[in-house]
Amino acid sequence: MSETAPLAPTIPAPAEKTPVKKKAKKAGATAGKRKASGPPVSELITKAVAASKERSGVSLAALKKALAAAGYDVEKNNSRIKLGLKSLVSKGTLVQTKGTGASGSFKLNKKAASGEGKPKAKKAGAAKPRKPAGAAKKPKKVAGAATPKKSIKKTPKKVKKPATAAGTKKVAKSAKKVKTPQPKKAAKSPAKAKAPKPKAAKPKSGKPKVTKAKKAAPKKK
């Protein structure tokens, strides 16, 4: 009998631990589902303020009614609503017209709403500078037109080399032609001057013929 008594309390001990873990898992899953469901409070507040047509602004009580009508639990999330209002006022999306803190009336900031519309206009304007991108392609054609300049530079180099070689050859030939004819003319002129001198000596040879005729006179005896 003493052996069977301690076995009874040991069996239900593991059965108590298992249901505690299951309950904790279920509670965590439900909390995750609550956080994921629905948009944030700031979006709901901005929509409610934008939907109201009151010039003086929307009071906190009117905001809670609008949020409750949208299916938001106002009683549980009262602190979140107040924090959302303060953050929207600090960002500049809402303007507080009456009261201080979360207790007051609120309106949408028209400057912030117009500022949200301006970036769209900038994006539309940013689409226009795409035309200058096409215009930037045109300078590439101009850069391609610069390549003929290289071919123009190469051609004068080819022209200059034969021109200098031909010029030097012509100058050398002309110099040789000028030097050679001058001594030839000087040599011919003295030869012509020497030739008439022996022709003038011929009359001297005719004088002895006259003396021979004088010797024939003694035949008169």
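The backbone N, Cα and C atoms fix where each Cβ goes, glycine too.
Residues annotated as region 'Disordered' in Swiss-Prot: 1-43 (among others).
As annotated by Swiss-Prot, compositional bias 'Low complexity' applies to 1-17 (among others).
Annotated N-acetylserine per Swiss-Prot: Ser2, in sequence order.
Sequence annotations record features per position, and here Swiss-Prot assigns phosphoserine to Ser2 (among others).
Sequence annotations record features per position, and here Swiss-Prot assigns N6-acetyllysine to Lys17 based on similarity to another entry.
Residues or ranges marked as phosphothreonine by Swiss-Prot on the basis of a large-scale study or a structure entry: Thr18.
According to Swiss-Prot, the feature compositional bias 'Basic residues' maps to 20-36 (among others).
Per Swiss-Prot, N6-(beta-hydroxybutyryl)lysine is recorded for Lys35 (among others).
The domain 'H15' feature in Swiss-Prot is assigned to 37-110; the stated evidence is sequence analysis.
Among the features that Swiss-Prot reports, N6-(beta-hydroxybutyryl)lysine is placed at Lys47 (among others), with the record citing experimental evidence. In this view, Lys47 (N6-(beta-hydroxybutyryl)lysine) is surrounded by 13 other Cβ atoms within 10 Å of its Cβ, with every protein chain counted.
Secondary structure from DSSP puts Lys53 (N6-(beta-hydroxybutyryl)lysine) in coil. Neighbour count (other Cβ atoms within 10 Å of the Cβ, all protein chains): 5 for Lys53 (N6-(beta-hydroxybutyryl)lysine). Taken from Swiss-Prot, the feature N6-(beta-hydroxybutyryl)lysine applies to Lys53 (among others), supported by experimental evidence.
Here Swiss-Prot flags Arg55 as citrulline, drawing on similarity to another entry. The Cβ of Arg55 (citrulline) lies under 8 Å from no Cβ of any same-chain residue at least six residues away in sequence.
All protein chains shown were included, and the count of other CB atoms within 10 Å of the CB of Lys86 (N6-(beta-hydroxybutyryl)lysine) stands at 14. Residues or ranges marked as N6-(beta-hydroxybutyryl)lysine in Swiss-Prot: Lys86 (among others).
For 90-221 (among others), the entry in Swiss-Prot reads region 'Disordered'.
Taken residue by residue with DSSP, Lys91 (N6-(beta-hydroxybutyryl)lysine) is part of a helix. Per Swiss-Prot, N6-(beta-hydroxybutyryl)lysine is recorded for Lys91 (among others).
For Lys107 (N6-(beta-hydroxybutyryl)lysine), the number of other Cβ atoms no farther than 10 Å from its own Cβ, over all displayed protein chains, is 18. Feature annotation from Swiss-Prot assigns N6-(beta-hydroxybutyryl)lysine to Lys107 (among others).
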**Fill in**
Here the Cα-Cα span from Lys53 (N6-(beta-hydroxybutyryl)lysine) to Lys47 (N6-(beta-hydroxybutyryl)lysine), rounded to a whole number of angstrom, reaches 12
**Cβ-Cβ neighbours of Lys91 (N6-(beta-hydroxybutyryl)lysine) (radius 10 Å)** = 11
**Request:** Do me a favour and check the Cα-Cα span between Lys107 (N6-(beta-hydroxybutyryl)lysine) and Lys91 (N6-(beta-hydroxybutyryl)lysine); whole Å is fine.
**Result:** 13
**Request:** Calculate the distance in Å between the alpha carbons (Cα) of Lys91 (N6-(beta-hydroxybutyryl)lysine) and Lys47 (N6-(beta-hydroxybutyryl)lysine), and round it to a whole number.
**Result:** 16
